[in-house]
Amino acid sequence: MGWKSLDDMELDGKRVLLRVDINVPVEEGRVTDATRIERIVPTVNDILSRGGKVTLLAHFGRPKGKVVEEMSLRQVLPALEKALGRDVAFLPSLDAAGDAQADLQLMENIRFYPGEEANDEDFARQLAALGDIYCNDAFSAAHRAHASTEALARLLPACAGRLMQAELSALEAALAKPERPVGAVVGGAKVSTKIALLENLVNRLDVLVIGGGMANTFLAALGADLGKSLEEPDYYDTAKDIMAQAEKAGCRVILPVDGLVSREFAKGAAHEVAPLGPDAKLATDQMVLDAGPETVALVETAFAELRTLIWNGPMGAFEIPPFDTATVAAAQAAAAKTRDGTLISVAGGGDTVAALNQAGVADDFTYISTAGGAFLEWMEGKTLPGVAALGG
Ligand code: ADP
Ligand code: MG
């Protein structure tokens, strides 16, 4: 909220150091998915059209402070030029950056320099000498305090690029100052990977839907015997503690009341609906792979009252239909309400994005974050160094 956007900057004649995420998948020297590259186009064009010069700073892979030829950003140059519809000059090293600066240039993989991941001040000063303004459009790297995301931001007038601006605005609307009631779906495989997320959310939400494999751990902690379902006995106490925190904070927790149960973890496997709850007892070879129809109805009723919804983690093993049923149904309910204009819906997480795409609702949600770790850390309530350095 304290951060500036490009709207606040005077760009004419200014050299802008623009941190981007173009860490795209490459096979045999060719970019196989240019989504990340395409998403930076509005920011680059905005700066150029307002008379600014752009030096793109980006990482590629994990070269760990050494020059690794296979991780050269040179290989993404053609895809970048294609997306932007213009030539992009390439700067093979910091030393090659002379005074004659092209209007648009891409600097070699910033992680070739040990100073980058060390967030080294001297290295950041070397970078700062190449620009007048710093602009960060790489929210997905904002959870790391690296020279190009943190130290550099403190050396120059700094702002968020268009992508970062959209992401921060969406995340602030979802969690920092949401329209209430605000609820979340937290699903996925394991409680152990989402403890910080659950603990932060129960203190901020009105409703929390727990789904997926992690719901098994909650149900088992209450006494259910779920056969060979995925669950984490070491986290029963954590689950109970999260429920106690929720109760104290006035957050209603919705656990599955029924599930799709199968003996096989396979596509199209024979399955039945089983009631779930603290007294549930499945056969030793049965497992819960999705939430059942009554649970979906319960979730949809809860959605009806919400003004804001956060979603991380599928409600079942969505990769193997029909165990995507609950996720798809709930996602479509959230999408319909978002289209009506009565819900702000924000989702993120690698598998969540895939599941929402599978449900065909990716364009209907208010915002879908592809930022992975940075999205999760934001939802955990952590301060992201790259955002803090922008004044956020
Ligand atoms: P995200 O990447 O969106 O943060 P997670 O990685 O936490 O999500 O969880 C996604 C995984 O959880 C998927 O691979 C899915 O198959 C698995 N999963 C969800 N529910 C179950 C279940 N009941 N049993 C086994 N796996 C499940
Ligand atoms: Mg995942």
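Indices start at 1 and increase along the chain as displayed.
For all residues, glycine too, the Cβ spot is worked out from N, Cα and C.
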Of the candidates ARG36, ARG86, ARG125, ARG162, the one that TrEMBL places in the substrate site of ASP21, ILE22, ASN23, HIS59, PHE60, GLY61, ARG62, ARG111, ARG144: ARG36
Record-annotated ATP site (TrEMBL): member among GLU150, GLU231, GLU319 besides LYS194, GLY349, GLY350, ASP351, THR352: GLU319
For the binding-site residues ASP21, GLU319, ASP351, the one whose C-beta sees the most other C-beta atoms within 10 angstroms: ASP21
Cα-Cα distance linking ARG144 ((2R)-3-phosphoglycerate binding site) and HIS59 (substrate binding site), given in Å to the nearest integer: 12
Fewest-neighbour residue among binding-site residues, criterion Cβ within 10 Å, set ARG36, ARG111: ARG36
Of HIS59, ARG144, LYS194 (the binding-site residues), the residue whose Cβ has the fewest other Cβ atoms within 10 Å: ARG144
Using Cα positions only, nearest of the binding-site residues to GLY61 (substrate binding site) (LYS194, GLY349, GLY350): GLY350
Tertiary neighbours of THR352 (ATP binding site) (same chain, Cβ under 8 Å, six or more apart): GLY188, TRP311, ASN312, GLY313, PRO314
